[in-house]
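Here's the structure we're looking at; comments come further down.
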Amino acid sequence: MGCGHKDDKASLASSQIVTFSHQPHQPPSTPASKEVWKKGGRMFSILLAVHLALLACTLVSSGAFEKIAVHDYDVFFLLTVMMLIVIIWIIFYLVGTSRCPDAILCKDSHAGPIWLRGGLILFAIFSLVMDVFKIGYYSSFYSCLSAIKIIYPIVQAIFVVIQTYFLWISAKDCVHVHLNVTRCGLMLTLTTNLAVWMSAVTDESVHKAHSKLKKNMTEEIFRWLMKVGMRSSSAEECNCDSQICQIFKNGYFWLYPFNIEYSLFASAMVYVMWKNVGRFIDHHSHHIHRLKFRLFRRTFFVGIVLGLIILVSGLGVLILYEVQVNSSTESRKKSQALTMYYIFNIVCLGLMSLVCIGGSVIYRFDKRDMDRHKNPTRTLDVALLMGAALGQYAISYYSIVAIVASTPRDAISALNLTYALLMIAQHTFQNIFIIEGLHRQPPKEDRKHDSHQKDLYGLTFVNINAVSLRVPDSGSTLAPSTASGAEAIHPSDLVRSLTAPKKMNWRRKFLREISMFLLLSNIILWIMPAFGARPQFDNDTELNFYGDSMWPAIVDICLPFGIFYRMHAVASLLEVYIMS
């Protein structure tokens, strides 16, 4: 396979001829302002992704139940094959495609920002630790397990390393060779990450369901239920009596949330790369903003302090909740834990809602222009925020209906209702604030203001009235400088130049405080459900109203989206913070 541009090259040439014929005044240095997409290649890659995703979803969901003749090692075999194919394609891309002449004519400066790639590496490290724990756990009784159970975590670890390196160096690429192969390869990579995500979510949900059953019944009844109902992992049938085996088992289940987030982060970055295949960027409209991350400058520390208080308090609530709910069978302690959990979340969600409203009001007075240029990364961010929020919306509305329609109502029901309403409000207001921030231009100083800044700020300790006596309104004193190309400095311009930065900094400082507070608050709201604090399974109102089958299924489907929303909101708020 050569390094030619295929049919898109000819399409580009013809489109450029048409462009120049209609716009003769356009300089020849910007012929790439028009994007050319190969519709057939994109459609084929989409169809490939859809069919693979449906196949993986069918196997993963079927492998979770005992009565269906699909085993977990069948799922692992499919995922292993998909990851091996993706590894081969990534190596081909790095060694062949990216090194072709004119393969990457431009880069998307908005794709793969440093904080997103840094988060990807963080989750990749924890995913590798999880794979090590899995290998250690399955190796403890390899004689009674299928070999694929040990091969799968090894292949997954290699896949994580190679994919992370690939996304770190290639996330901004706009590829212009091997277009159809690259599109299909990226879609296969995206589908593989989504399939791994579905498998991890299902495995975690089954594990938590088994933990609940084990806590409430004897071992004999639990094993009987595993035979007639939901499948236990094939490793459950082997003896894991040693202490090191139990450490490996508990360790990799605790690390599942990081692997889940890694798969979703990688999927988002791969999708942006797929959108950029064959894309030409007009550098005159696609500004590259070199923003500096300054955490402890231009801030009042209020947002950081309040956010840390919420974060530490939430960790304490999480520990107490785990101890009183998951480690105790007393109903009184369970009620106390639920009350404490709901009160903390009501306070946190209420503060976050008020802060988001305040930030949206400040944006109304912000003088920065809106960024209306085409940006696939920002479009994806907005779509993920709106789409992932639907999971928590669904859980909240189901809870509201169950609480309102159920009788009798107690204090926990009232707290649960308030929690559900505030959850809806907080998601809505936070989405508005983040979307406003993502569509704002980064702060930039006006060139005209910069030309006067050195002269004007040198007069900080000079009496303004004395300056006005020395600089008349007619500007005749500064006529020579005006004639030479500079502009006259008037007293009114001086006053505006000295006072304008203070007003601008005031707004930006408050936006940075709000962004940092929301960022830290979203971190704890991600940690709590990701690591076991899930009152949806511990509150009897919804369970009694919808039944033991319907309500857990609703939570298992919708809650992963709510968890992903929090982590994606953290990444978006970090971008808003830096751009403020």
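Yeah, the Cβs are placed from backbone N, Cα and C, and that goes for glycine too.
Over in TrEMBL, the protein carries these features:
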- 43-63: transmembrane segment (TRANSMEM)
- 75-95: transmembrane segment (TRANSMEM)
- 115-138: transmembrane segment (TRANSMEM)
- 150-169: transmembrane segment (TRANSMEM)
- 253-274: transmembrane segment (TRANSMEM)
- 295-321: transmembrane segment (TRANSMEM)
- 341-363: transmembrane segment (TRANSMEM)
- 383-405: transmembrane segment (TRANSMEM)
- 510-531: transmembrane segment (TRANSMEM)
- 551-578: transmembrane segment (TRANSMEM)
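Listed by sequence, the residues of this chain that lie at least six past the ends of the transmembrane segment (115-138) yet keep a Cβ under 8 A from its Cβ atoms are 145, 149-150, 152-154, 156-157, 160-161, 164, 167-168, 171, 235, 240, 244-245, 248-249, 251-252, 255-256, 258-259, 261-262, 265-266, 269, 293, 567, 570-571, 574-575, 578. Long-range contacts of the transmembrane segment (510-531) within its own chain (CB-CB distance under 8 A, at least 6 residues past either end) are made by residues 254, 257, 298-300, 302-304, 306-308, 310-311, 314-315, 317-318, 321, 345, 348, 351-352, 355-356, 358-359, 362-363, 366, 430, 433, 437, 559, 562-563, 566-567, 569-570, 573-574, 576-577, 580. Outside the transmembrane segment (551-578), and at least 6 residues removed from its termini, the chain residues within Cβ reach (under 8 Å) are 113, 115-116, 119, 197, 201, 205, 209, 257, 260-261, 264-265, 268, 291, 293, 381, 384-385, 387-392, 394-395, 398, 427, 430, 433-434, 437-438, 511-512, 515-516, 518-519, 522-523, 525-526, 529-530, 534, 536-537, 542-543, 545. Stretch with the most C-beta contacts under 8 angstroms to the transmembrane segment (75-95), considering only 43-63, 253-274, 341-363, 383-405: 43-63.
Under 8 Å from some Cβ of the transmembrane segment (150-169) lie the Cβ atoms of residues 76, 79-80, 83-84, 86-87, 90-91, 93-94, 112, 117, 120-121, 124, 127-128, 131-132, 134-135, 138-139, 142, 189, 192, 196, 262, 266, 269-270, all in the same chain and six or more residues away from its ends. Long-range contacts of the transmembrane segment (383-405) within the same chain, counting only residues at least 6 positions beyond its ends with a Cβ under 8 Å from a Cβ of the stretch, are 268, 413, 416-417, 420-421, 423-424, 427-428, 431, 434-435, 536, 541-542, 545-546, 551, 554-555, 557-562, 564-565, 568-569, 572.
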